[in-house]
Amino acid sequence: MQENQQITKKEQYNLNKLQKRLRRNVGEAIADFNMIEEGDRIMVCLSGGKDSYTMLEILRNLQQSAPINFSLVAVNLDQKQPGFPEHVLPEYLEKLGVEYKIVEENTYGIVKEKIPEGKTTCSLCSRLRRGILYRTATELGATKIALGHHRDDILQTLFLNMFYGGKMKGMPPKLMSDDGKHIVIRPLAYCREKDIQRFADAKAFPIIPCNLCGSQTNLQRQVIADMLRDWDKRYPGRIETMFSAMQNVVPSHLCDTNLFDFKGITHGSEVVNGGDLAFDREEIPLQPAGWQPEEDENQLDELRLNVVEVK
């Protein structure tokens, strides 16, 4: 009995530590990009996947201790996909006491009518979904729309655009919507997918499968995701370094004439960012930039037992 109790406390300790890290990551992203302001009404887009559940949970947690006041309303779009469990999200949200709205729109039928069998439906489905969510945000008086994309999604998008689109373009943590009326935020921008997965598993969220529509996985994105996971295993810290690079862009050392006035460089111009300082002349840190090794998960149990609740 005592052993089982210790195991439970150890698991609780690890969950608390994980939740604190996610809280810190989300809090830093909110502060860095001014995502949430006093009086904001945040529409939290809830799909039923691990990412959106985690986003809602962390935002609810931060709401209790934040120095500003903001409200949350969870929104799910029921696209009438066959097998969609309509009862799951309402039951979960009512149990939490969270304000919510289920929007019912048969986008599944529209997509099936417009897209030939066997073709990827994601693009059209995404456009339809965006339009409905923007309309819903207006109806609810939401000042911000929160999406559950995380750090890995942002990096994958960067590499997708480099490999297949020929441009350096990621996924912004904060942006103006394409209809020009709504501010979209991604509070999980600094969060690692593996942390989110562990948190979702520990919290036992009622996950709804994401492939109910029967559409094929985006194979290009899957290739990139597999590549990044392989790099993360073989070269610890590389993912952190690449994400850090997205926050430390040096336009004068790229080739985009829209970002830097190369034509304006003449004799007598000042040196910009080290001039022609080649990479092999710079001091390279022994540890990858932005990387912090995780704490040893096998610490002595007695160091863990007194911590049972996140404050």
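One is the number of the first residue shown, and numbering goes on along the chain from there.
Using the three backbone atoms N, Cα and C, a Cβ is placed for every residue, glycine included.
For Cys122, Cys125, Cys213, the entry in Swiss-Prot reads [4Fe-4S] cluster binding site, with the evidence type sequence analysis. The motif 'PP-loop motif' annotation in Swiss-Prot covers 47-52.
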DSSP residue counts for the motif 'PP-loop motif' (47-52), split into helix, strand and coil: 3 helix, 0 strand, 3 coil
Mean per-residue pLDDT computed across the motif 'PP-loop motif' (47-52): 96
Mapped DSSP class for Cys122 ([4Fe-4S] cluster binding site), helix or strand or coil: helix
